[in-house]
Amino acid sequence: MSGRKAQGKTLGVNMVRQGVRSLSNKIKQKTKQIGNRPGPSRGVQGFIFFFLFNVLTGRKITAHLKKLWRMLDPRQGLAVLKKVKRVVASLMRGLSSRKRRSYEVLTVQFLILGMLLMTGGVTLVRKSRWLLLNVTSEDLGKTFSVGTGNCTTNILEAKNWCPDSMEYNCPNLSPREEPDDIDCWCYGVENVRVAYGKCDSAGRSRRSRRAIDLPTHENHGLKTRQEKWMTGRMGERQLQKIERWLVRNPFFAVTALAIAYLVGSNMTQRVVIALLVLAVGPAYSAHCIGITDRDFIEGVHGGTWVSATLEQDKCVTVMAPDKPSLDISLETVAIDGPAEARKVCYSAVLTHVKINDKCPSTGEAHLAEENEGDHACKRTYSDRGWGNGCGLFGKGSIVACAKFTCAKSMSLFEVDQTKIQYVIRAQLHVGAKQENWNADIKTLKFDALSGSQEAEFTGYGKATLECQVQTAVDFSNSYIAEMEKESWIVDRQWAQDLTLPWQSGSGGVWREMHHLVEFEPPHAATIKVLALGNQEGSLKTALTGAMRVTKDTNGSNLYKLHGGHVSCRVKLSALTLKGTSYKMCTDKMSFVKNPTDTGHGTAVMQVKVPKGAPCRIPVMVADDLTASVNKGILVTVNPIASTNEDEVLIEVNPPFGDSYIIVGTGDSRLTYQWHKEGSSIGKLFTQTMKGAERLAVMGDAAWDFSSAGGFFTSVGKGIHMVFGSAFQGLFGGLSWITKVIMGAVLIWVGINMRNMTMSMSMILVGVIMMFLSLGVGADQGCAINFGKRELKCGDGVFIFRDSDDWLNKYSYYPEDPVKLASIVKASFEEGKCGLNSVDSLEHEMWRSRADEINAILEENEVDISVVVQDPKNIYQRGTHPFSRIRDGLQYGWKTWGKNLVFSPGRKNGSFIIDGKSRKECPFSNRVWNSLQIEEFGTGVFTTRVYMDAVFEYTMDCDGSILGAAVNGKKSAHGSPTFWMGSHEVNGTWMIHTLETLDYKECEWPLTHTIGTSVEESDMFMPRSIGGPVSSHNHIPGYKVQTNGPWMQVPLEVKREACPGTSVVVDGGCDGRGKSTRSTTDSGKIIPEWCCRSCTMPPVSFHGSDGCWYPMEIRPRKTHDNHLVRSWVTAGEVHAVPFGLVSMMIAMEVFLKKRQGPKQILVG
């Protein structure tokens, strides 16, 4: 038994070691097998595929993987990647050839392709803490594995990649959350953004079709007759020129038609050639004959100066006894080398659009591009909640920025008055043939430095011209606008008001870029941003009415105007007639061209002298063939024939009606019957109207009616334009009261005359005389008289010393009382309890019209009364604008008549106007700055001022009654209740006079400010209470008076000590504090004052409560308990009544029904 046990004994075996030994043997066998295979091992291939998978799916590349990649044999790695490349190329060829493959093969290849890269599709790039998903149009509706989750894009706007791209967040949604108002979303992965290009296959991006509504330039041009852009008159003018040339040159016209017929091979070519030749024909006209508008100066003595204003496309013919006639015209007005002032962009390109968003209650969204000057940004709010990545419903912050690049711009050049050249053309009427005219044409150039110049004509002497370039067209408020190859003269204010991006001429960032960028309404996490299309069409349409300018094509920076005028003086004393000693031509002459109407009331003819030259050609215009007295005027004075067979051009001015033009003497004379339409009286009226039109265009530079000179030297408006200077010349020596009495007598006589024609004539003359005696000459432009404290602007005048007239001589009305009552009702219903006036003028309107507004409210059964309280000339700021009207009110005649007699009663609700801030109606619940002056009307005794409501809240004061002017070293900023006069001393502007009649808290607008480069702390009067932000609002040694006694109105600032006090400069004096009155609370004078570094004499405020010192000047020995301190914390007008116009209406009543003297006096 023991033997069996020994024989069957079991031995212990270590199975772990046995398994390791077995596995080791297998690995050695497999390694040997792999090593014997050619090419990269499967391990290398697997590692490369795994590495590519991590790269393409956006997984993090660990440090261990990077180390293995660096250890990889380059030859084996390249071999694997080449295989991958061959597989991808094969798949692409298969797709392009549309061949059918087996399901198994396609499955394997697509799996490999998905691991490598969906070629041409999505790519994932890590950008800081963000994963950036780049997609194209091929990825519409696809879902991609990103990190530990997946993202889906459904972006219809995604196309081909280009600089016009979008980038924004892909919200991360909860697992069961459905997307809402988003086109990119993720599940299980944070911080993913999507980017895509928006260009089509041709590289074009979508633009907004919206056109900008630009203000038209019409009625903003220069005050001159001109060729205007898009007025539709140029074709008409050229046709008129062609018509006149055809009538006057029939032989050449027939020749042109014959050439066209022979040269052209078909009818179309013949018509085109004929039109081209005929269009060029008028260019060969000369003298003033072929010019549309022409004026004559007749009967002027040659030794005196003749005043004339020259315009382009017009001509003046000067005739004097024993002098040759002279044609002068303005050839061109050119501007040399203007400086570029600004650029206006009308076509922009947007690129690199980025958007960021935030959920509600998580703060504001921000982009780094917001701080870059070349980006247009918009910040707004979008609806967020479940379905777009937010846990709370509400408004979330969203901001979008796009890089702005201007593709096309219009340059604006500033015109330097000293660089303007006027080219004047002068030509003598000597009867020479057209081919010899060049010798008789002289060209003179005038600029700002030119004096008088002489035009010398061989054999005839010299004509002297002196042109006042400084008083010609005013370019100070104009720019030259150049857009591609076209140029215009435009109004400076119009150009600055264009709603287009702009930059200064020296470059820099574009301002107001938002005008060419359209931000569509936001979605949850994105905003569509589009560039507006090319606005060239809108801009050219807006330029309607602007004067055309032509740029010189030879490379110079010279611009030629198609309009303009210049005032000149002409002297003919050095001109002499040629051939006065020649004998008369007696041989038979002939008409080469029969007498033809020039269109200016004259007749022109061409006469041929066969022999007997040199001789004088006798020409006369008579009533009949037997008359011997010349009834016409020779424009071509003393026509002479220099050689035999000479052809002489002669121009005459026949009388009105039938006449005969007689050339030569005796039986061989030439006769031609002539008829001139019109009459001498009609000519007088025509010339007067012509002069009136010219005066309206020229202003004070206009010479006279019909170029006669010296009768009308200045203009106003209306009657003053035509009759003003004549009235002054006839009655200038009479006193004012005498002229008024004469006018009244003429009206009285006219009323009592039985003959209707004489009655109307006398009344008209009397009314004109009284009007010219009592009215204002309506000055144009802006001017300021510092001695009289008078500021003139536009056609209005206001005088500060008479500023109380704004409350006494002016009546204030709402533009529409019913509308204002409706606005009061709407505002009250929205919880606004009242209104604070901006200044005394608005308060006066409410005070005088409260009853009328209450009557309207009462008629419509509105339980509200407008209650006007006394503000003591202190007008503080409210916080709301007017509410818009929801329903209109009615206002009948019955209520109107009742309101004239009875005042409406008080209602339960009160709309408080001004007064103090009380608990029932605090300033925080009042309307403010919601009325502006609309226009100025006329009345018999007072001027009416109409105010209209505005619905936008603004801090700026109404600019309708503000003015600013500078003249040399003096300047002024003024309004009806404020005047600040400044002067310059050693290069520093300082206030010398400051007066204010009321306290107001609107801000002086920059549009009515001179010298805006100033730190607000260096100003004297604070900005928040109407102090102009100007370097002229400054007093050396005194800072901004935020605690000045500004409420002590009326207030005047003077450079003098308060009565009974003295001020010394002491470095140990107290610092700035609240302004202090010079007397104690008991009225005792505080004699001693000091300041640390103020300038002398000291500044003092003289107000309604005594004299005050500014914040820098402090009392020396008075206890604080007795001081009185300031409690302020400042954070086109017709000046003369025009009511006499209504008298003319009343005259019609008198004329229709005869009134006796007694009835007139009583009635």
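Positions of Cβ are set from backbone N, Cα and C atoms, glycine also.
Owing to the predicted nature of the structure, the values given are computational and were not obtained by experimental measurement.
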*Compare the topological domain names that Swiss-Prot gives for Val146 and for Leu625, and report whether both residues sit on the same side of the membrane.*
yes
*Per Swiss-Prot, the candidate from Asn266, Asn755, Asn908 carrying the annotation N-linked glycosylation site*: Asn908
*asked:* Identify the disulfide partner of Cys1107 as annotated in Swiss-Prot; candidates are Cys957, Cys1002, Cys1058.
replied: Cys1058
*State the disulphide partner of Cys568 as given in Swiss-Prot, choosing from Cys467, Cys585, Cys615.*
Cys467
*asked:* I'm checking region-level scores; what's the whole-number mean pLDDT for the topological domain 'Cytoplasmic' (266-270)?
replied: 79
*Euclidean distance between Cα atoms of Cys568 (disulfide bond) and Cys1091 (disulfide bond), Å*: 61
*Would you mind pulling the DSSP three-state label for Cys1069 (disulfide bond)?*
coil
*Out of Asn134, Asn150, Asn986, which of the glycosylation sites has the smallest number of neighbouring Cβ atoms within 10 Å?*
Asn986
*Using C-alpha positions only, work out which of the disulfide-bonded residues Cys315, Cys345, Cys1058, Cys1107 is nearest to Cys1094 (disulfide bond).*
Cys1058
*So of Cys315, Cys568, Cys585, Cys1002, which of the disulfide-bonded residues has the fewest other Cβ atoms within 10 Å around its own Cβ?*
Cys1002
*Pairwise CA distance, Cys1002 (disulfide bond) versus Cys833 (disulfide bond), rounded so that it is a whole Å*: 21
_Secondary structure composition of the region 'Hydrophobic' (38-72) [DSSP: H/G/I, E/B, coil]_ = 24 helix, 0 strand, 11 coil
*What is the separation, in Å, between the Cα atoms of Cys467 (disulfide bond) and Cys315 (disulfide bond)?*
15
